[in-house]
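Listed in TrEMBL for this protein:
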type	residues	note
ACT_SITE	455	active site, proton acceptor
BINDING	32, 96, 125, 126, 127, 288	FAD binding site
BINDING	160, 161, 162, 163, 164, 165, 166, 167, 247	NAD(+) binding site
DISULFID	23-28	disulfide bond
DOMAIN	17-303	domain 'FAD/NAD(P)-binding'
DOMAIN	349-465	domain 'Pyridine nucleotide-disulphide oxidoreductase dimerisation'
């Protein structure tokens, strides 16, 4: 096995990348490091009410955090290189393109070109951040640059309502910047459970982020004072940084794919069948470059299935992606179905938005459950002040922060099966991973209720929600096969 990868750099381009890819180098990992750093600000303020005597002024060194972040991704890049080497994989650093059904040309760092032949070629080049086509868009940045800004902005504008937008708004606000978040819909995080979206919006505002729903940016103009941002509502404001968090596009442009007969869709995504095979039988593709389900764990599973297929000499493994969509046709609950012979295994995808505090979900949202239901749907919710905030959230004279944790279970009334779970609050992703195992095993609400809670913890709320918050009658609807 050989692997061709662009040379390492924290900020990607058409000719720079690095072993480890988007998630490790310029995605989830460095972003979560910045989230950890941003969370310490409120933690240190809260510490005063736990008896810690701190100086009145808390100083923050952005360059030190950035340096530590970069050190970590360099370390991880080295680990991934060693993993490849220890597995006997030959690494070619340079730019690769496909020049035939079984041939790859690699342009090395010194400009020389080498050709390699292979029985199977796998395209796993991921995706790149997208900039909206508005005047002055070159003045904005994407998530790549946002992870390596020279200076911490004093005033940041974020355009977008998805994961990346909400997470960077949380990071910059947590580090002391003024943040304005613009998005096209009524609430951020389109496709998630509506009730939990509203919770996230309240928490963002509670942390001091200015929300601008149903608003588009129309132009960016460079001025002596910064970047002037105008909107379709006639608003104008000046910012140090404008972040475009408006989606990503498959990274296929420089691979010479169409010349060798590999079919692409109108976004540049590589078209594949259920085995991840392209229109050329010897060429395969997995991950974001196929634009199927753009999540790191899914790409890992797709790669595993590809390897099993080509090594077995028979296509016994293949992957189907079952996406349950809400009425707005937005993917929310995500299912993977893996076929091995006659055995079928269903994988339910837990998701996390690493805002402050985080949102994590698994299974169906309330809206999806209602849409897919064959019978009535029961919704159980719990809203409470985290125990930590009962001390840290108040000063002697005034309330510092009122931030609720919200948990939710969606249950099929007829079967008692838990269809979905959501949580917004501290430690949500750590708790939701365990809940995902329960849903994978087909847990019922009665089994949740008969499980002993860990006391005192937030997680115990998931096994102590006894009262139905609401019952939605869905009987009489056409039956579905879900």
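Even glycines carry a Cβ here, placed using N, Cα and C.
Annotated features, which come from TrEMBL, shown on the structure.
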residue: 23; record: disulfide bond; CB count, 10 Å: 18
residue: 32; record: FAD binding site; CB count, 10 Å: 17
residue: 126; record: FAD binding site; CB count, 10 Å: 22
residue: 127; record: FAD binding site; CB count, 10 Å: 21
residue: 160; record: NAD(+) binding site; CB count, 10 Å: 23
residue: 162; record: NAD(+) binding site; CB count, 10 Å: 18
residue: 164; record: NAD(+) binding site; CB count, 10 Å: 24
residue: 166; record: NAD(+) binding site; CB count, 10 Å: 28
residue: 247; record: NAD(+) binding site; CB count, 10 Å: 15
residue: 288; record: FAD binding site; CB count, 10 Å: 26
Could you check which of the recorded positions (28, 96, 125, 127, 455) sits closest to residue 166 (NAD(+) binding site), going Cα to Cα? 28
Round to a whole number and give the Cα-to-Cα distance in Å for the pair residue 96 (FAD binding site) and residue 28 (disulfide bond). 25
Farthest-apart CA atoms of 160, 161, 162, 163, 164, 165, 166, 167, 247, residues recorded for NAD(+), distance in Å: 14
Whole-number Å distance separating the Cα atoms of residue 126 (FAD binding site) and residue 247 (NAD(+) binding site) is 13
Neighbour count, 10 Å Cβ-Cβ cut-off, for residue 96 (FAD binding site): what number do you get? 23
Out of 28, 125, 127, 288, 455, the recorded positions in the record, which is closest to residue 162 (NAD(+) binding site) when you go by Cα distance? 28
Out of 23, 28, 160, 247, 455, which of these recorded positions is nearest residue 125 (FAD binding site) by C-alpha distance? 23
So for the residue listed as 'active site, proton acceptor', how many other CB atoms are inside 10 Å of its CB? 8
Top Cα neighbour of residue 164 (NAD(+) binding site) in the set of recorded positions 23, 28, 127: 28
